[in-house]
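See structure below.
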Amino acid sequence: MTDHPYKSLPDKAFWRRSVARPAFSAVDPVGEFSLKIEKDTKVATAGSCFAQHVARHLAQSGFNYFVVEEGHPILRGPVRAAHNYGTFSARYGNIYTARQLRQLMDRAYGRFTPAEAAWTDPDGTVRDPFRPTIQPGNFASVAEMEVDRAQHFAAVRRMFEELDVFVFTLGLTECWESLEDGAVFPLCPGVEGGDFDPAKYAFRNQGVAEIVEDMNAFIEALRAVNPTAQMIVTVSPVPLMATATEGAHVLSATTYSKSVLRVAADMLTQQHDFVHYFPSFEIITGPHARGAYYADDLRNVTEAGVNHVMRLLLKHATGTIVEAPEDKASTKAAPVKAADRPATAPDADEDDSLAAARAFVEVECDEAALDRS
């Protein structure tokens, strides 16, 4: 038999050896990952719902999860959590798109001030259009919201200038923008505050080129204020709650969105040696998991899935080895069919591994409001 290039490749280059054969909790799709995180490395997070899991695990693992908006010390933990302090490094809520991230940077540094400053609810309370669910019960007045926003922007500037590593989870390509100035909202106006007007707002579904352009603009601005900043980019494995793409099925729209984001993330790593891709999307959605890392709604990620992601991130970025749990669920012939799943909580005598697979940690997800009607 003649020699050929595939003979010398490592096991990770072969599907059977690295995906089909190992227990699914042992699959490690991380390729080259040169970034190293030490105990004192300031790690900041932002992005979609899934990014909240990264923040939680970093803090629980003893690493320096960098939070610049913690809430007043007099507030108890549950109160601070309800007001979204510590959910991310700053109190910006979910940042689903690259355009949102770019505009957050520009707004924080005074380079962009959207014309749409506030939304007033029927009861007279006020929402920040760019953080519509950040304040339980909303703000009492525009003045109160503006004071909070100014404090928030100051914290965001501090975060960008002092962080060592910025972890950003790309979530969506679909967004709604103002026709007046291009300001992008985390939610379609009218869903959680505001009034939808087709003469004022337009739907946009970003492609690869747009996302790369937005991310590069953000990266340039970040490195201008923090020349040594490193970035980890990931793609959220959480499917779209709903799609506004005309005529599209939400499953196909999700496939498009995640594919575009994955390509964009790869392009960024090729363009910048300080941008590192971490495959949380592949860990959760890959065929090796056989759907076991999704809860019964086929959208939320189970705690077992999050643990797999974070175990590998800690291994490759910090050198911390966390043993994988015994893979009891791998003995299942197939994922539990929807019709066979309990409508309520699992029975008390249900196998522990199945109960654990169904468990997931609830995260703050503005997008969930799209399907509450």
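Using the three backbone atoms N, Cα and C, a Cβ is placed for every residue, glycine included.
TrEMBL entries are annotated by machine, without manual review.
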Exercise. Do you know which of 28-54, 325-351 TrEMBL annotates as region 'Disordered'?
Worked result: 325-351
Problem set entry | Rounded mean pLDDT for the residues that make up the domain 'GSCFA' (42-311) | 96
